[in-house]
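**Q** Here it is: the structure, laid out below.
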Amino acid sequence: MKSDKLKFLIFCLVVLVLPLPLAKGYLTNVLIFVGINSMLALGLNLLLGYAGQISLGQAAFFGLGAYGSGVLTTKYALDPWLSMVLVALVVAGFAFAIGFPVLRLKGHYLAMATLGVGVIAHIAFNETIDLTGGPSGLSGIPNLSIAGFSFDSDLKNYYLVWSFALVVILLCLNLVNSRYGRGLRAIHDSEVAARVMGVNARLMKVQIFTLSAFISAIAGSLYCHVMTFISPTSFGFNISVELLTMVVIGGLGSVYGSILGALLLTLLPELLRTFQDYDIVVYGLLLVCMTIYLPGGMVRGIPALVRRLVPARSGNA
Amino acid sequence: MELLNQITQFVISGLATGAIYALIGLSFAIIFNSTGIINFAQGEFVMLGGVFTIFALNVLKLPILLAIVVAVVATTAVGLAFERLAIRPLKNATPLSLIIITIGASILIRGVVMLLWGKDTQVLPPFSGNTPLEIAGATLLPQHLWIFGVTVLVIVGCRIFFHHTISGKAMRACSFNRKAANLVGISVGRMVLLSFVISSALGSLAGVIIAPLTMTAYDVGVMLGLKGFCAAIMGGMGSGLGTVLGGLILGTLESLGAGLISSGYKDAIAFLILLLILFLRPQGLFKKGETERV
């Protein structure tokens, strides 16, 4: 466990110094989104990588968080921090309520049900025009501030978002190494066996679903205050798929894997800009190839690939 | 009377889109039953059907029937290549990586179509004119008749294929028990390939016959695919009448809901129905509950 703490501290240090050489460049801006996506991916990874329950509707919770905070602060002039907490609690309550019927389902049915929740939420964002502004979006959302200190630049927002992300990482690391986390993994391996051993599988699945919705809602609130403008396209089915891809490509059931996945998939569209219209093709191709050649995700696949290549080379020599 | 006419109209157009969902649902179920894979790229086959037909019609200047045949064959070739390149190499993949792979493939197909044909919606003219027929105060388009006709033909064809031909029976054997099927000399790999061929052909056919009503573009496949999946789940993932009924019910309810409540929430209504069914009857509408195997 000592090496885990060391790893986390090194990671914190990297996060702390990373934007310094970048100064005010647009990469800092990209790294903010890496932070937000990391939180979302970690939330999904708790559900998918540890408890083994798929969700294709994570964007719904992300969107509810963003729109909740956005609407409360612009239309009702509520304090941003207060609305963040309120919205996250309401979203978590909502997830808890739908969790019982949804998580009774398994496999493809679960995927489809969560997808349904996501699609319905997305349509609601588009159609409740009075509240959300509909397809043209909601603008004028204030930046967050603490006692007069406003988070109004990329660098400030970077530290704001990443301090939240680091708390989530710490939470996940502690959770998965606890008695509770072992229970979750038992559900993943065999729900029946876990239940026989006295794990309350049904309740635990709903609890972890609720926690993941809570984290996603917080990420959503942060997103809306960082962007100051939101529109429904940021919370569609594609986003849920992208999050799923981050978790799987990074490595299921690995905390740092999710962050790696978030980093890669957030940077990728930026790097693919040079391909212009070809970017969507390259993106699809990468997804297919990585799933074929790195089935365990990058955290497991890359070391395995290196191990396979290195002895082969020394054997030739 | 006015309302009654309207409702008849909604039911007619609902049944037509429902028939399309049913065809797509069948194409989902065929792959699922022989491989256990939910092919998230299924909607792209539907889109390809429409896009290829328009290409064959406008650029190659083929007559409509020939254009349809060309489109279905071309889409089937894509399905075949997809199975060979992306599904077969992953023999021992988890269901999750298969979901990701099919999603990746769907993004890839959509991207290529967008590059080749652009982002604009394209129009396919109706197969036999646009003169509406009056039935009980509601109008029925000739294209609706095409949809109903093709759907009935496909369902009858599937029935004959799966119950009265050697290949069809072999495919059913694979879906019951792959190992046992292998033991009696059925080449499971060939059956999987065949299921992709039939499934992509069915999907593209659905795309061709709906295109004159809804127009088509590189991104129409996503929603159509998801709705087809709904139909298949309503029918309990079988390749028979259950899925067809599921599609028809979904299409009708969706059309009624869109017409009488709000058209903006049309897709939401479809997914609300899906959620209700999953919560209340997760085994499908027409199947008895199954006990869980441990």
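Cβ coordinates are placed from backbone N, Cα and C, and glycine is handled just like the others.
Feature list, courtesy of TrEMBL:
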TRANSMEM  B:6-30  transmembrane segment
TRANSMEM  B:37-57  transmembrane segment
TRANSMEM  B:63-82  transmembrane segment
TRANSMEM  B:94-117  transmembrane segment
TRANSMEM  B:145-162  transmembrane segment
TRANSMEM  B:183-211  transmembrane segment
TRANSMEM  B:231-256  transmembrane segment
TRANSMEM  B:268-286  transmembrane segment
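Tell me about the surroundings of these features in the structure.
**A** Sequence-distant contacts of the transmembrane segment (B:37-57) (same chain, six or more residues past either end, CB-CB distance under 8 Å): 24, 27-28, 31, 64, 66-68, 70-72, 74-75, 78-79, 82, 87, 95, 98-99, 102-103, 105-106, 109-110, 113, 117, 122-124, 199-200, 203-208, 210-211, 216-226, 228-229.
Long-range contacts of the transmembrane segment (B:63-82) within the same chain, counting only residues at least 6 positions beyond its ends with a Cβ under 8 Å from a Cβ of the stretch, are 41, 45, 48-53, 55-57, 105, 109, 125, 127, 193, 196-197, 199-201, 203-205, 207-208.
Distant neighbours of the transmembrane segment (B:145-162): 15-16, 19-20, 22-23, 26, 126-128, 168-169, 171-172, 198, 202, 205, 209-210, 213, 239-241, 244; these residues of the same chain sit at least 6 beyond its ends, with a Cβ under 8 Å from one of its Cβ atoms.
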**Q** Using a Cβ-Cβ cut-off of under 8 Å, list the residues of the same chain that are 6+ residues beyond the ends of the transmembrane segment (B:94-117) and lie near it.
**A** 36-41, 43-44, 47-48, 51, 55, 78, 82, 86-87, 218-219, 221-222, 225
**Q** If we skip the immediate neighbours and take only residues 6+ beyond the ends of the transmembrane segment (B:231-256), which ones have a Cβ under 8 Å from one of its Cβ atoms?
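**A** Sequence-distant neighbours of the transmembrane segment (B:231-256): 7, 10-11, 13-26, 28-30, 32-33, 151, 155, 158-159, 162, 266-267, 269-270, 273-274, 277-278, 283-287.
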